[in-house]
Amino acid sequence: MKRFFKPIEKDGSAKKPTLSTNQEDSEKKEASESEETNNNGNTMKKEPLKFITWNANSLLLRVKNNWPGFSKFVSDIDPDVIVIQEVRMPAAGSKGAPKNPGEIKDDTNSSREEKKILMRALSSSPFGNYHVWWSLADSKYAGTALLVKKCFQPVKVSFALDQTASKHEPDGRVILAEFKTFRLLNTYAPNNGWKEEEKSFQRRRKWDKRMLEVVVQLSDKPLIWCGDLNVSHEEIDVSHPEFFSAAKVNGYVPPNKEDCGQPGFTLSERKRFGAILKEGKLIDAYRFLHKERDMERGFSWSGNPIGK
């Protein structure tokens, strides 16, 4: 689901967004703490400051069909970190043998060719400037990736919510990078599904419970949590809230009415996600930024001019 929101201008005018004094001072302080000066007097970043998150829905297909456009986008934005979900490349390991989720499969002719195509793309400009970490599923399903500019070195990179060094989450759904001043969490949350089953509602409940525990445990450092979280938290996040709330498959109605509706927009998922944000003291950075700007331009967050 995508978020549809178009602010309505007040009196036909639109002021250039400005930051409040306190917000400006805060951003300058954060920037100064993340920069240092080299011997030539040039300012250098000490920690990553610019991030991109992307659900690729098969990175190999994107390389084959959309790579020039994405390469230009990355060159223009010049992010310090890129996090990717739904890589959909299988983990290394022959059939029936233990898999290595940190490496791409290359034990057959077809898998070697696919890996070659992908790695060639990632070695070309601008991606050659990044170090890559993988967490992959056994098949072409799910999986995540982390790309960090080589001038930055994470203190630690782990692939499980419990941060066990050699462990990967099933289906490669997590990459957690720790830097000196913050942590970056990349997740591809499992879809809620439509039924009260082990791989549907029950799986998502367990995931949300673990996420709540993790964001609280990681509270000793600032946390940047990004990825495909598979939830639309509020009605403003979908185009037709009533339609999505009433959605069902084959007439099935869950025992708990809060589980009714489109996966990702059920009341139970939205409540759990709200609890995670609250207990983890997290804010939606995108929403916060645009809300501040819209308020300064004279728009309410509902999309209507203030006062109406």
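Note that Cβ sites are derived from N, Cα and C of the backbone, with glycine treated the same way.
Caution: TrEMBL annotation is automatic and unverified by curators.
According to TrEMBL, the feature Mg(2+) binding site maps to N55, E86, D228, N230. Around N230 (Mg(2+) binding site), the C-beta neighbours below 8 angstroms that are at least 6 residues distant in the chain are Y188, A189, P190, N191, N192, P263, G264.
Taken from TrEMBL, the feature compositional bias 'Basic and acidic residues' covers 1-14 (among others).
With DSSP states grouped into helix (H, G, I), strand (E, B) and coil, the compositional bias 'Basic and acidic residues' (102-111) comes out at 3 helix, 3 strand, 4 coil. If you look up TrEMBL, you'll see 102-111 (among others) marked as compositional bias 'Basic and acidic residues'.
Look at TrEMBL and you will find 52-245 tagged as domain 'Endonuclease/exonuclease/phosphatase'.
The region 'Disordered' feature in TrEMBL is assigned to 1-45 (among others).
Taken from TrEMBL, the feature region 'Disordered' applies to 92-111 (among others). Only residues 6 or more beyond the boundaries of the region 'Disordered' (92-111), in the same chain, are considered here, and those with a CB under 8 A from a CB of the stretch are 118-119, 133-138, 159, 168, 172.
The residues near the Mg(2+) site, meaning same-chain residues not in N55, E86, D228, N230 whose C-beta sits within 8 angstroms of the mean position of the site's C-beta atoms, are N57, Q85, Y188, A189, G227, L229, in sequence order.
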